[in-house]
Protein chains: 2
Amino acid sequence: MNNKIRVGIAGYGNLGRGVESAISQNEDMTLVGVFTRREPVDVQLLSDQVPVHKLDEIESFKDDIDVLILCGGSKNDLPEQGPALAKHFTTVDSYDTHAKIPEYFASVDEVAQAAGTTAIISVGWDPGLFSINRMMGEAILPEGETYTFWGKGLSQGHSDAVRRVDGVKAGVQYTLPAEDAMNRVRNGELPELSTKEKHTRECYVVLEEGASEEQVRETIVTMPDYFADYNTTVNFITEEELRRDHAKMPHGGFVIRSGKTGESTDQVIEFSLKLDSNPEFTSSVLVAYARAAHKLQQKGDTGAKTVYDIAPGLLSPKSPAEIRKELL
Amino acid sequence: MNNKIRVGIAGYGNLGRGVESAISQNEDMTLVGVFTRREPVDVQLLSDQVPVHKLDEIESFKDDIDVLILCGGSKNDLPEQGPALAKHFTTVDSYDTHAKIPEYFASVDEVAQAAGTTAIISVGWDPGLFSINRMMGEAILPEGETYTFWGKGLSQGHSDAVRRVDGVKAGVQYTLPAEDAMNRVRNGELPELSTKEKHTRECYVVLEEGASEEQVRETIVTMPDYFADYNTTVNFITEEELRRDHAKMPHGGFVIRSGKTGESTDQVIEFSLKLDSNPEFTSSVLVAYARAAHKLQQKGDTGAKTVYDIAPGLLSPKSPAEIRKELL
């Protein structure tokens, strides 16, 4: 039997590599090719069984690919690639510039409607799974508040800021949810909390030879915009510790809906992720939604979609009768 | 404007009362009537604006009701009422006899398909929200294990067992998730755990005059099937404390998917509920799915459905464009 879902990958960075790996965990899928703007010979995949092609030749693979997973960035790649590729392929992407989603949705929808393809945009965990939980919490408990906490997660922008400090040789910064704020939310207090009150910051720093711990710490914790308003801790470590303990890209967070029913009964819904690799997890979500995109396209449900439009059962390789029997 | 969704309630116990209350939290809905097998004059609603009718006259309200929420029990009411009412109404119910769901689905589906109604069965939190999370966890992280922990929750059967013990005047029993087991799961250990290893039991007992604490405790913790295999604690309280602190019906629990991506990266997805009233929460979920049932019926998507068939966006009173802009 060979009716596996034939998947292509457009763009091969952390996300593309994660998608390659995730596809190998799903028996109903097969990876037919990776498409790149680089020279194909320069791209080393995890598997040597999968061909690499130039992205600008992708149109000739129209009949070989059921779903194309777009692994480019939201800033420079997807605004152009999303609509361009939806013209020829059913696609899934992780477009994550929250403020521009309506605009991006419209541009992809127009093309996909005309072409009869299905394009699920903004898939991942935020936007993605967190968005689903924010929406469902609000629909189920209309009287209440929704709180999103991020972390523990590596923050690229804040790590860069730490590394620019005089005397810092290398370093990373993690954002953490503030425990006391989370507990207040979980206890149904419905507090008003700014992003700053919800999070703390933790830095791991390797000093330049001869630099002063006190001075570096002071410069970091008082840095305006980045750290001054947060509860920030600075830990000094060796280069070896940095390599050994801080090479991964962990992330995660919490979506908590705290609401009231009846006279004044507290009800709390909580969804959380603890991810040792942010890109690998996002890739796994993309692959599950690729399955849904294929099913929708097969039954003629075309155009741009988001996670809000996808019935959960479409994500499963199992039949509706199987999931009802085994998992309901 | 009066294009509110017109909702009816069939059956008025804890669940029906919760549904009445939940509808009043949703501005796009209006409760048009409650239908009961009791004498309507004997049924006291929360609101005196809503009429109560005999259930066997419900057919004459066909044109007045958009969605009927079935609030009967799974054992005696729904197996008969589910198919009978789906013949005339779009319905939502909380059928929760897990093992018989396929059979119940088939019986409702046949009727609903023929009648052109939509019937969402087995809605609530387990089956319901927990089922969605079990399925999505497995689809997103195919290499891993799913764990469901229940509690802290009042268990009716175990409370009855406690109350049958000689020397016990009154009492309640709570099931709690075992903290150590949960922590092993959250740490990605992928342990094999039986239901007994995942839960502990906590009893609150009012003694009969002159009864021995030691003897009652011993009888409870050694009771076969119910307590002997569990870590059980027994607390002795006064009748007043029982009334004051143990009158609610709290419940909740955790669905944890622990999986691996890439080479061997730990990823953990966790969904949990902390409910001060189990029936009020289940009612709130039913009401959100009633909205979805109505939307599906409106667009001709008829037959029996489960939570797996419902795109999350259908639960919201907001438009697809609004939820994309505000919540994605």
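Cβ coordinates come from backbone N, Cα and C, glycine included.
Feature list (source: TrEMBL):
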| type | residues | note |
| --- | --- | --- |
| BINDING | A:12-15, A:36-38, A:71-74, A:94-96, A:123-127 | NADP(+) binding site |
| DOMAIN | A:124-277 | domain 'Meso-diaminopimelate D-dehydrogenase C-terminal' |
| BINDING | A:Trp150, A:Thr175, A:Arg201, A:His251, A:Asn278 | substrate binding site |
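Taking the features listed in TrEMBL, we show where each one sits on the structure.
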{"residue": "A:Leu15", "record": "NADP(+) binding site", "CB count, 10 Å": "24"}
{"residue": "A:Arg38", "record": "NADP(+) binding site", "CB count, 10 Å": "12"}
{"residue": "A:Gly73", "record": "NADP(+) binding site", "CB count, 10 Å": "17"}
{"residue": "A:Tyr95", "record": "NADP(+) binding site", "CB count, 10 Å": "26"}
{"residue": "A:Pro127", "record": "NADP(+) binding site", "CB count, 10 Å": "23"}
{"residue": "A:Trp150", "record": "substrate binding site", "CB count, 10 Å": "19"}
{"residue": "A:Thr175", "record": "substrate binding site", "CB count, 10 Å": "21"}
{"residue": "A:Arg201", "record": "substrate binding site", "CB count, 10 Å": "23"}
{"residue": "A:His251", "record": "substrate binding site", "CB count, 10 Å": "24"}
{"residue": "A:Asn278", "record": "substrate binding site", "CB count, 10 Å": "22"}
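Of all the binding-site residues in the record (A:Thr175, A:Arg201, A:Asn278), the one with the smallest CA separation from A:Pro127 (NADP(+) binding site) is A:Asn278. In this structure, the C-alpha atom of A:Arg201 (substrate binding site) lies 26 angstrom from that of A:Gly73 (NADP(+) binding site). In this model, the domain 'Meso-diaminopimelate D-dehydrogenase C-terminal' (A:124-277) carries an average pLDDT of 95.
Around A:Tyr12 (NADP(+) binding site), taking its Cβ as the centre, 23 other Cβ atoms fall within 10 Å, counting all chains. In the shown protein chains, 25 other C-beta atoms lie within 10 A of the C-beta of A:Gly124 (NADP(+) binding site). Among A:Trp150, A:Thr175, A:Arg201, A:His251, A:Asn278, the residues given in the record as binding substrate, the maximal Cα to Cα distance rounds to 18 Å. Cα of A:His251 (substrate binding site) to Cα of A:Gly124 (NADP(+) binding site): a distance of 13 Å. Closest by Cα distance to A:Arg38 (NADP(+) binding site), from the binding-site residues A:Trp150, A:Thr175, A:Asn278, is A:Asn278. Under the three-state DSSP scheme, A:Leu15 (NADP(+) binding site) falls in the helix class.
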